[in-house]
Each structure stands twice: as structure tokens, then as C-alpha cells.
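**Q** This is the structure, below, for whatever I ask next.
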Amino acid sequence: MSSPKSLLPTTTAAAVCIFFAFSFSFLLTSSVAFYLPGTYPRTYRRGDPLAAKANSMTSLATELPFSYYSLPFLCRPPPAPAPPPSPSASSSSATASTRRGDDYFIFNHLKFTVRVHGDADDGDRMTTTLIPGTGDVAVEQLIPRNATDEEEEEEFMVVGFEVAPCSVRHDRKLAERLDMYDEYPAPIECDARSPGMRVAAGERVAFTYDVEFVGSAVRWPSRWDAYLRSEGGAERVHWLSILGSLAVVAMLAAVAVAIMLRTVRRDLARYEALDAAAEAKDDELSGWKLVAGDAFRPPSCPLLLCVLVGEGVQILGMAAATIFFAALGFMSPAARGALISGMLLFFLVLGTAGGYAAARLWKTLNSGDPAGWPAVSWRVACAFPGLASFVLVVLNCLLSASHSTGALPSSLLTFLLFTWFCISVPLTLVGGFFGAKAPHVEFPTPTNQIPREVPMRRYPPWLLVLAAGALPFATLFVELLFIFSSLWMGRVYYVFGFLLLVLGLFVVVCAEVALVLTYVHLCAEDWRWWWKAFFAPGSVAVYVLVYAVKYLVFDLKSLSGPVSAALYLGYSLLMVLAVMLAAGTVGFVSSFWFVHYLFSSVKID
């Protein structure tokens with residue numbers, strides 16, 4: 001038998017040396033991790049080995065995942081074959097250490113509660129303290145073996161488990177008489193609120209664990225229900241948010257209906273009456289009819305507008321498709337990585353829609369001439385994906401330099417670049433080809449050769465555009481809290497049905513805001529509505545950015561280090577840009593058809 005000193009170079013020659021990576025670190029911070037769910041059910045009999053694998057450590061102070069055995073003080077067990085996946089569901093929040101005054105305490109004991117469902121489960125409770133496995137196998141022989149043959153034949157499924165850390169000062173003399181894998185003979189009181197193992201220089205630390213088995217009536221197909229079920233308070237918050245959004249939608253809809261049914265019809269009747277009486281003169285008219293000869297004058301930077309609209313169509317379609325299938329249950333948190341994989345798949349495929357929208361808009365702005373559509377489609381294929389890839393590569397380099405397991409391997413980066421250039425780019429060009437072949441939208445009024453002078457305003461027009469973004473943000477505010485908590489606090493986001501409803505309300509509000517603002521500017525004889533229609537709802541990105549900064553300052557106060565801040569800000573900026581493109585596209589498309597309808601409904605001399 002090896003000497004304890006060789007097995008435990010930095011611990012006492014005692015107790016069970018197990019380091020189960022449920023966010024257990026010596027960074028003196030809080031950590032969060034998730035169990036790796038299996039994809040098929042597996043049964044156990046009494047006496048069978050029960051294996052659990054370590055994932056990685058993630059601290060709320062850094063948001064950087066690290067390999068569990070990268071910590072220098074951990075004692076690594078001998079290697080063992082990789083265990084098969086276990087069919088269970090759990091999440092665990094474990095604190096590596098805590099601080100009281102100037103003292104630091106390490107949590108060196110883990111209390112496992114394993115919930116099993118058997119054929120004849122009656123909810124009995126079993127408790128045992130057991131010997132750990134080796135390598136990635138954290139626990140072996142967890143199902144106690146009884147004497148009767150009938151009980152040995154009974155099969156169990158693991159349907160969940162919980163892990164609670166605590167700080168325990170073990171009996172030094174007792175621990176020194178034990179080797180690795182020996183059972184600790186004394187009972188251990190696990191109370192996370194009363195840490196006992198103070199960290200001191202040169203002092204060795206013993207790490208132990210105990211296991212408690214609890215019979216559960218939960219069956220294997222329902223093992224995730226406890227984590228996907230909305231709590232009463234959270235559900236009420238979602239419903240209140242949706243009711244508030246509905247109120248905003250109703251208010252804007254009333255304004256839009258008033259514009260369409262009352263103001264516009266009144267203006268149309270007045271203009272037609274003046275035309276019939278031959279009394280219509282420019283000095284007698286006011287309002288949007290005066291800009292009929294300039295309403296469809298091509299905007300400044302038309303190529304950029306086409307590219308942004310194409311990107312917005314692609315991003316909005318990706319978001320809608322992903323949330324829709326997630327709400328149907330195809331992208332459950334139980335399927336690890338399904339959500340991000342679905343997002344990438346939809347984004348690649350919907351490059352066709354983005355290229356089509358951009359090329360057709362380009363052709364419309366050029367009065368039916370499609371020349372230059374390949375350049376437009378190419379920019380759509382490279383603009384947002386290129387920026388996202390650049391940010392991803394920079395952040396990946398920072399993670400690699402920090403020796404974080406969150407860094408993507410070069411093979412995966414190469415695969416992502418391959419899918420971009422070999423799938424997304426060709427599909428975008430195909431969409432652009434069909435968009436160039438599609439008929440362009442005919443403008444109902446001709447454009448004057450000389451632009452009409454825009455009257456001076458009492459306030460900057462962009463001030464109203466910036467203020468308009470507050471209404472779409474009101475529909476997103478509550479959901480942003482849950483989304484940010486899922487991304488940065490390690491919580492499971494499961495209310496995709498609510499999110500789908502909020503997305504629909506968000507689209508409606510963006511369209512209504514753009515429509516009302518466009519009509520207000522046209523009535524003020526300001527024919528430069530193109531970019532205002534895009535940025536009126538798109539300015540919601542400013543509010544999302546402010547919220548992201550607020551979340552960083554007040555909710556992630558423990559976040560430290562330039563790499564962690566760069567990781568947070570990099571991903572937040574990409575989210576802000578995506579929201580701006582999606583919202584701006586909704587606003588532009590709705591305003592375009594509104595202006596087209598408005599000027600096609602009146603006779604222009």
C-alpha cells in the first residue's frame with residue numbers, strides 16, 4: 001500500500017480524497033455547475049457502481065470555467081476508465097470558501113443526496129458513507145447491497161441528486177491513521193452556515209464526503225420537471241410583465257388606429273375635396289401630402305441600409321425559430337448544447353432570407369435595376385457573422401491565455417469558419433440571386449428632381465427617435481433579468497413559452513412605434529423617414545446596453561479581472577447589436593409598407 005504522503009501531497013494522510021467538480025474551487029468565491037445529463041435511461045441494482053463525472057469549475061467572480069484538477073492543491077486519484085452517462089438531473093450551487101473578517105474557511109466536505117426510483121419504491125430513506133472511485137468516477141458502490149435475492153433483483157433509476165458543501169475540521173489524529181479510499185469512522189456534521197476549516201499557511205486539509213439515498217416517486221421521464229417547473233413568484237412576474245406589455249401594445253395600437261382611421265382618412269378626404277374643387281395650392285396645404293414628391297427619394301447610404309435590413313431579417317428569423325422550437329420542447333435544458341446548436345443552424349439556413357430581403361430592397365431603391373446585388377449579398381453574409389467571429393476569436397484567445405476550459409479548441413473554430421464560408425455564404429448569395437430576380441416594389445409617386453427643403457424643428461429629430469426605444473424596452477425588461485441570470489448566474493432558463501409571447505409583443509410594439517413616428521415626421525414635412533424608421537425601434541439597443549452595464553455594476557459586483565470583464569462586455573455588445581438589427585428591421589419594413597399605402601391612397605397631381 002502506498003504511503004499516505006505519496007498519495008496526498010497536500011492533504012492529511014486521512015479520509016476520503018474526492019474532488020467532485022460541482023464548482024468546488026479555492027478561488028475564495030461562489031461557484032456553480034451542472035450535472036451532465038444522459039440521453040437514455042439506465043437502471044441499477046443494489047451493489048452496482050454508480051458513476052458521476054466532473055464537468056468544470058465556474059466562479060461568479062471570474063465567469064471563466066476551469067478544469068477541476070487544474071487547482072494546484074487537489075490530489076488526483078489514479079486513472080480509471082470513463083464511466084457511462086448516468087440518467088439523472090441536478091444542479092448544484094457550491095461555495096468553495098467563505099470569509100469572515102480576516103479569516104478564510106475552505107469547504108472540504110460534500111454531502112450527496114441521491115434520489116432513486118425503484119419498481120416498488122416506497123420512499124424509504126437510506127444513508128451511508130462510502131469509498132470514492134477513481135479518476136473521473138466520483139462515487140462507486142453507492143447502491144447498498146442487501147442480503148435477500150429479491151431486493152438484489154430490484155432495479156433503480158437515478159432521478160436526481162443534490163450536493164451541499166460544508167467546512168469541517170476533521171480529527172487530525174484520526175485522519176492520519178487512514179489511507180486514501182478509507183471510510184471515515186466518525187460522524188460528520190455538515191452545516192454550511194458554520195464553517196470550521198480555517199485556511200492557514202502550511203496546514204494540511206482532509207477532503208471527505210458522505211452519501212444519502214432517498215427513495216423518490218419521480219419517474220425517469222419526469223426527472224427534469226423539478227427544475228423546469230416555474231415557481232409561483234417567478235410565474236407571476238412573467239404574467240405581470242406580459243400584462244404591462246399588452247398595455248403598451250394597446251396604447252400604441254389605439255394611436256395607430258386613430259392615425260389610420262381618423263387622421264389619414266380625414267386628410268385624404270380633405271385633399272380629394274381640394275383637388276376636385278381645383279383649390280389645392282401649396283400655400284393652402286400642410287402635412288404629409290406636400291412631401292409626396294420626396295417620400296420615396298432614396299436614403300443616404302442605401303447599401304448600408306440594405307445590409308442592415310438583411311442582417312435583421314436573418315437574426316429575427318433565427319430568434320423566432322429557436323424560441324418557437326424551444327417552447328415546443330425540442331431544445332430542453334436536458335439536451336445539453338441543443339439551444340446554441342439550434343441557433344447556429346437556423347442562422348446558417350436563414351442566410352437565404354437575409355440575402356433575399358437585402359437584394360430585393362436594393363433593387364427597389366434602384367428603381368428596378370438589380371446591378372450590384374452580389375456585393376450586397378456578400379456584405380450581408382460577412383457583416384454580422386464577421387464581427388461575431390472576430391469577437392469570438394479575441395475572447396477565445398483571452399480564455400486560452402487564462403488556461404480556461406471555456407476556450408474553444410482550434411478544430412471547433414475551424415469547423416465554425418467552414419460552416420460560415422461553405423454553408424452560410426453560399427445560401428446568402430442564393431437568396432440574393434432570387435431577390436434580384438424578384439419584382440421590385442413600384443413607388444406610387446414619382447420623385448422630384450430637386451429635394452424639398454425640410455422645415456426647422458424646435459427640437460432635434462433624433463431626440464424623438466432615441467426616446468422611442470423606451471417602449472420596446474418596456475416589453476423586454478423583465479425577461480432580460482431572467483436571460484442575464486441564466487447566462488451569468490448559472491440558472492436554468494425554461495420559460496420559452498413566455499419568451500415566445502414576449503417576442504411577439506416586442507415585434508408588434510416595434511412596428512407600432514415606427515409607424516407612429518414615421519407619420520409624425522411626414523406630417524412635419526420631413527421626408528427623410530428611412531433611417532428614422534429603422535433607428536426608432538432600433539434605439540432599444542441603447543437601453544439594453546445601459547441595462548447590461550447596470551447588471552455588471554450592481555448584480556455582478558464580485559466579477560473581477562480584465563478577462564472576465566472583456567468576456568461579459570464582448571457577449572453583451574453582440575447581443576445589443578443583434579437586438580438593434582432585429583428591432584430596426586421590423587420598424588423599417590412596417591414603415592415602408594405604411595408609407596407606400598399612404599401615398600398610394602391619394603391622387604397626386
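Cβ coordinates come from backbone N, Cα and C, glycine included.
Unlike curated records, TrEMBL annotations are generated automatically.
Found this in TrEMBL, in case it helps:
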TRANSMEM  12-36  transmembrane segment
TRANSMEM  239-261  transmembrane segment
TRANSMEM  312-331  transmembrane segment
TRANSMEM  338-358  transmembrane segment
TRANSMEM  378-399  transmembrane segment
TRANSMEM  411-434  transmembrane segment
TRANSMEM  462-485  transmembrane segment
TRANSMEM  492-517  transmembrane segment
TRANSMEM  529-553  transmembrane segment
TRANSMEM  565-595  transmembrane segment
**Q** Would you say the transmembrane segment (338-358) and the transmembrane segment (462-485) are in contact under the rule of three or more C-beta pairs closer than 8 Å, pairs 6 or more apart in sequence?
**A** no
**Q** Would you confirm whether the transmembrane segment (565-595) and the transmembrane segment (312-331) meet the contact rule of 3 or more C-beta pairs below 8 angstroms, pairs 6 or more apart in sequence?
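**A** Result for the transmembrane segment (565-595) with the transmembrane segment (312-331) is yes.
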**Q** What residues elsewhere in the chain lie close to the transmembrane segment (312-331), defined as a C-beta under 8 angstroms and at least 6 residues from its ends?
**A** 338-339, 342-343, 346-347, 350-351, 353-354, 357-358, 380, 384, 496-497, 499-500, 503, 507, 578, 581-586, 588
**Q** By a Cβ-Cβ criterion of under 8 Å, what residues six or more beyond either terminus of the transmembrane segment (378-399) are in contact with it?
**A** 64, 303, 306-307, 310-311, 314-315, 347, 351, 354-355, 358, 406-408, 413, 416-417, 420, 424-425, 428-429, 432, 563, 566-567, 570-571, 573-574, 577-578, 581
